[in-house]
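Asks: This is the structure I have questions about; it appears just below.
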Amino acid sequence: MQLKIMPKKKRLSAGRVPLILFLCQMISALDVPLDLVQPPTITQQSPKDYIIDPRENIVIQCEAKGKPPPSFSWTRNGTHFDIDKDPLVTMKAGSGTLVINILSEGKAETYEGVYQCTARNERGAAISNNIVVRPSRSPLWTKEKLEPITLRSGQSLVLPCRPPIGLPPAIIFWMDNSFQRLPQSERVSQGLNGDLYFSNVLPEDSREDYICYARFNHTQTIQQKQPISVKVISVDELNDTIAANLSDTEVYGAKSSRERPPTFLTPEGNASNKEELRGNVLSLECIAEGLPTPIIYWIKEDGTLPTNRTFYRNFQKTLQITQVSEADSGKYQCIAKNALGVIHHTISVTVKAAPYWIMAPQNLVLSPGEDGALNCRANGNPKPKISWLSNGVPIEIAPDDPSRKINGDTIMFSSVQERSSAVYQCNASNEYGYLLGNAFVNVLAEPPRILTSTNTLYQVIANRPALLDCAFFGSPLPSIEWFKGTKGSALHEDPYVFHENGTLEIPVAQKDSTGTYTCVAKNKLGMAKNEVHLEIKDPTRIIKQPEYAVVQRGSTVSFECKVKHDHTLIPTVTWLKDHGELPSDGRFTIDKDHLVVADVSDDDGGTYTCVANTTLDNVSASAVLSVVDVPNPPFDLELTDQLDKSVQLSWTPGDDNNSPITKFIIEYENAMHEAGLWHHQAEVPGTQTRAQLKLSPYVNYSFRVMAENSLGRSSPSEASEQYLTKAAEPDKNPMMVEGLGSEPDNLVITWQPLNGFESNGPGLQYKVSWRQKDGDDEWTSVIVANVSKYIVSGTPTFVPYLIKVQALNDVGFAPEPAVVMGHSGEDLPMVAPGNVHVTVVNSTLAEVHWDPVPLKSVRGHLQGYRIYYWTDQNSSKRNRRHIEKKILTFQGSKTHGMLPGLEPFSHYTLNVRVVNGKGEGPASPDRVFHTPEGVPSAPSSLKIVNPTLDSLTLEWDPPSHPNGILTEYTLKYQPINSTHELGPLVDLKIPANKTRWTLKNLNFSTRYKFYFYAQTSAGSGSQITEEAVTTVDEAMASRQVDIATQGWFIGLMCAVALLILILLIVCFIRRNKGGKYPVKEKEDAHADPEIQPMKEDDGTFGEYSDAEDHKPLKKGSRTPSDRTVKKEDSDDSLVDYGEGVNGQFNEDGSFIGQYSGKKEKEPAEGNESSEAPSPVNAMNSFV
């Protein structure tokens, strides 16, 4: 019988790889129960290459198991190691582990050697690997005298380290006396051998404390080499040294090392070889010298570099490939390049391999009479040799066993018996190492037994694989069957998977997979069974995941994570940052489903993960937090390529704070002329870190740089070093040159001076030149200081001049300036315009014509002509006006113009004058013209006085502007009834000399509207409107009062009030019973006339209103402007309560009217009227 421990071969999807790994772990854990007889098995041993710390006791491990328990023995350097003879050596009880006590006495070197452990019982012997024990060593550097190194700037240099050989090899690094690591770069770097390489040296490389340190990790010690002194001499220093040793007649000079193409410092030559073992890290190195510093590139000649295993170290000078295999063999080429050339070096790589297992031998459990086999398959480069041992003895000399047969890497067993039990060792070795594997053959006859605990409960998440364990043992190998439920039949494949180790797999467990499962193991010696239980749970899900967030520094951000889970499981939610714990910071708070980060800083950026864990599953969701802000300011500003009119500025960008830099802004300060004031110089894209800047002469420049991204602009960088440019002649002349005279006999030349930045040098002055434009005179010039004005005296009046102003300084003159034209000073014009005549267009408009004056008489720039005009008095002798002159100017050389806005029927006088920059010339002779009559303005006022029952008296004031001789007045009027309808219009002419008029035979208690305007021979003027009401018959009013005091009338009113009260009670009862009660609707339809609004848009009263209708009635009118009727003087009339003539009675004295509040308003087609209702209307309203 053979117990196989590999699972049954079955094609599984990639998604089941974790399941396979789990099964393999479970299978490898299968073992023969320790209560059964079995050969020894080595369970723990020290490593093959065992380096010990000589300051501690030596412990060499060897643990094994077996039945009966094994005994242990050791060999040292191939011979038996008798531990009883050495008092410092003891073996742990029940173990083969050796403890060598060297702390009390003895030395570690005494016990250096090759050890092997053997564990033996009655069924066989297992052996350990050969354990090479060596103490660690950290030797000191040999003392040596190191001479100082002196070399010129630009030369290459190699500082050797040559550390002492230790065990294990030391880790090398370079530091100074202050234990600070020396900075390394593309120019300066440390090689794999520990040497420090300089591609070219600079003066700043000079120092006296280049120290190589060797750190031995095993003993935690550090050894140091003697300091190396390096002095780099610059060109200036070298020239000074040479000059001090030469006579005045000797020529001397030294140049710095010239620029040169690259050459390799290591490795040497054009090609080299490299051998590496499989599984190690392949490290290839190329370091080159040259000026400028070379850059290193790597390629593989016959293939491509592996993507995920290739790394570049030491500024690309070292190429590393991890987990190297035979496929990585080939030719690798390093390329060193600078501006002067390119060189190549080819490294041929060969990958060898120590032996590695393809199939290690596995334990065999066979029943008597069964067949079996042990396999031992290994590979390596070169191919390893396979040899077998039995119980630690080469099989060739081991006791013979007729049941076994050796066939290379396989031992075949047939019809085994109990005496066939043994431990076999397979050794696979080549020149690079060996493998040793122990595997026993154990012959047993055992009935089945289930090793899995009874009634084990398995809980699995739905839609995931369920693995039900049934670990078993038996010899011969038992068969396994699975059942579901107490009376279920045997389970078969699809949807189940049966593994040969007894495990039942349900690939996709569903809710209906819940239940009890029984595992039954059978062989010819018996049967065993076991029940397990399966529960299916709902998966844990994150239903609201955290989302990507971009926030500005200093703000607050919140991530949400809502979890849904099986109700029987209790989840725990954990937040991680960058896959680690959250910072222990009070700014991080977790509130139910939220993680809140307050006052976000740059360090808070990263990936935040919400992890929901239950005992069965876990889910996670992540979101990235990007903390953004304006960039940090640039730094390390450097000026290079310094020329007279340009310089190159370079800088190092500050952190962009997760928002890409879009541009850099460069500003400059002129410390010589405007210290502390920064000006814009240039802008460059955010991808550039240098700029070529144009400069002006004679400026002491400092520069600063600001970075800008989408959030804003950084603070300015620190200012660069100052750079003073050389002086030069001005490259521009003053702008805005003008020539204007301030007096008739001078020429004032002005200009805009150059600023200090534009002066280009010291001693800024101006050369001012002028000459008459139309003459043959030579240029007159004068040099003035740095001013902005020069006055030329004694010039003729208003003569054109040619002018130029040229800048100059101590270095020279600016380019020839442009010539501009100016004029000497102006004087007042000498001649008045002639032939002035006026054409009257209408009563308010006239046109004036004149002849131009000769240009020479203007004596300046002609600006135009100016007309003065005024009225002496109104044509009507009754209205004299104050004389006020008006002025109207016409630009340029116009010879005519219009005079608008004249007053009709007026006498006007005007004259014309010419105007230049100095002022006005003499006036032309006065011209007189008359404007014709026009229509008058509206009468100044209109009021209605003394209203009676059938008459109204109108009084008015004449128009304030008659604009002519009034011929008559026109009065139109018409009545207005209670529905706001206008009655027939009456037209009446009134003589012009009247200011009062009485209208008779009017209707009593009637409202009238009046339209009144004046007329001249030119037509009718604007009208004025007013309204008034005739009075009520006093006798009728008296009768009304008398009727109101009659007893029968009072009784009638009480009866009416009682009837109304009864009607209200009945309606109230009906309404409470659900009856229809439309009183509200009626109330809404007949709203109180007292509160009816006026038209809100213009406040008028309907059709007959206009803009003039709102004037208040004059004193004596019975209808004020708010359209209410004034209260009568009687104190005992019902009319008093209505504040108008609203209370009405019929002839028998009965009350048929109603009274209102202060305003009487009747709605009629959307308009309102304040007319008091007539008795008929009152009756209609009551009925």
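From the backbone N, Cα and C atoms, a Cβ is placed for every residue, glycine too.
Positions annotated as signal peptide by TrEMBL: 1-29. Residues annotated as domain 'Ig-like' in TrEMBL: 40-128, 135-229, 261-350, 355-442, 448-535, 539-626. As annotated by TrEMBL, domain 'Fibronectin type-III' applies to 633-728, 730-827, 832-934, 938-1035. TrEMBL lists 1048-1069 with the feature transmembrane segment. Here TrEMBL flags 1167-1183 as compositional bias 'Polar residues'.
Tell me about the setting of these features in this model.
Replies: The predicted model assigns the domain 'Ig-like' (40-128) a mean pLDDT of 94.
Remark: secondary structure over the domain 'Ig-like' (135-229) totals 3 helix, 38 strand, 54 coil, with classes taken from DSSP.
Helix, strand and coil content of the domain 'Ig-like' (261-350), in residues and according to DSSP, is 3 helix, 55 strand, 32 coil.
Under DSSP, residues within the domain 'Ig-like' (355-442) fall into helix, strand and coil as 3 helix, 52 strand, 33 coil.
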Asks: Okay, the domain 'Ig-like' (448-535) and the domain 'Ig-like' (355-442): do they have at least three CB pairs under 8 Å, pairs separated by 6 or more?
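Replies: Between the domain 'Ig-like' (355-442) and the domain 'Ig-like' (448-535), contact is present.
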Asks: When secondary structure is assigned with DSSP, how many helix, strand and coil residues does the domain 'Ig-like' (448-535) contain?
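Replies: Its residues fall into 3 helix, 49 strand, 36 coil.
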Asks: Report the DSSP secondary-structure composition of the domain 'Ig-like' (539-626) as helix, strand and coil residue counts.
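Replies: Secondary-structure composition of the domain 'Ig-like' (539-626): 3 helix, 48 strand, 37 coil.
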Asks: Using DSSP, break the domain 'Fibronectin type-III' (633-728) down into helix, strand and coil residues and give each count.
Replies: 0 helix, 52 strand, 44 coil
Asks: Give me the DSSP three-state residue breakdown of the domain 'Fibronectin type-III' (832-934), ordered helix, strand, coil.
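Replies: Per DSSP, the residues of the domain 'Fibronectin type-III' (832-934) fall into 4 helix, 52 strand, 47 coil.
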Asks: Do at least three CB pairs under 8 A connect the domain 'Ig-like' (135-229) and the domain 'Ig-like' (261-350), leaving out pairs fewer than 6 apart in sequence?
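Replies: Contact criterion met.
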Asks: According to DSSP, how is the domain 'Fibronectin type-III' (938-1035) divided among helix, strand and coil residues?
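Replies: The counts are 2 helix, 55 strand, 41 coil.
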Asks: For the domain 'Fibronectin type-III' (730-827), DSSP counts of helix, strand and coil?
Replies: 3 helix, 45 strand, 50 coil
